[in-house]
Amino acid sequence: MGLLDVLSPVVTLYAEFLPMKARAKCILLIEVFWAIGTVFEVVLAVFVMPSLGWRWLLILSAVPLLLFAVLCFWLPESARYDVLSGNQEKAIATLKRIATENGAPMPLGKLIISRQEDRGKMRDLFTPHFRWTTLLLWFIWFSNAFSYYGLVLLTTELFQAGDVCSISSRRKAVEAKCSLACEYLSEEDYMDLLWTTLSEFPGVLVTLWIIDRLGRKKTMALCFVIFSLCSLLLFICVGRNMLTLLLFIARAFISGGFQAAYVYTPEVYPTATRALGLGTCSGMARVGALITPFIAQVMLESSVYLTLAVYSGCCLLAALASCFLPIETKGRGLQESSHREWGQEMVGRGTHGTGVARSNSGSQE
């Protein structure tokens, strides 16, 4: 869950440096490294867990985060944020650095801001223009994390049991007992877990292919619907190979829904509230991740079918929520201010060396 906190400002910062045409593609490609990390974690567990145990697995997993914390000092601040904060000199210095590193000249003109705004506040997320969007996005992010991490937890349970029917019979046959001993995964369990984890790569590719064709809203809805269908198909007593395939598809699409949400959310809020909007969505995702163990493990003890129905139903509602989002951000530029027309850019370009002209967001080419 801590990774969600790290990803929110990272995606916000990254999105504010990207032109409109490449924004979805670049944000989705950065999610490839999330997939690499999940695969690396499974491979690391294969070698570390049998000999060193979970404590060393946790320590070694934290090393990349420590490296990232050090490298953060070399990241530039968002020029959009600096302009909005009135620090235009720092914004210009950042843009000059970008131009130099890309071997391109600085565009003519000067940075302007039509209205100075305060830092983003919670009430800004509930203005008439954004209230419905905020509430729907909170539920979408909650459902994403709730279902994604729930599937991860269910995967180990299903692999150890063999299939859904085996879990049901096992729950009836085994008497309740108090034990703190952990049941280690077998080599076959780890291999199947690795296969389902690898599904995040095709999840990125599928999302990358459809997000600029269908749009952000329809992409999220499609991902939720397919996850729900795969969850319902798990009701059938299928063999281990079919179980692995269904889990593979379900994880690919719930991961794709997460990626589409990471593209959509920074695009729908203006600069002053972009980080706050994405941060509160991430907070709702944490709530979903906190609740899901009670469903994927505790409720599973009572009824595996009810557990699967909860995840399937939650994602069907999230698909509806995606369709009801009032704004489609496909082809739109990043909004600078809630007081301007949607999609307007505050970066001006000079015309014939004099005056300032406002251009559409995402035209930084």
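Every residue, even glycine, has its Cβ placed from backbone N, Cα and C.
Check TrEMBL against the ranges 326-345, 346-365 and you find region 'Disordered' recorded for 346-365. The stretch from 26-48, 54-75, 129-149, 219-236, 242-264 with the most CB pairs below 8 A to the transmembrane segment (276-296) is 129-149.
Same-chain neighbours of the transmembrane segment (129-149): 4, 220, 224, 227, 251, 254-255, 257-258, 261, 264-265, 268-269, 273, 277, 280-282, 284-289, 291-293, 295-296, 311, 314-315, 317-318, 321-322, 324-327, 338, counting only residues six or more beyond its ends whose CB sits under 8 Å from a CB of the stretch. For the domain 'Major facilitator superfamily (MFS) profile' (1-330), the model's average pLDDT works out to 80.
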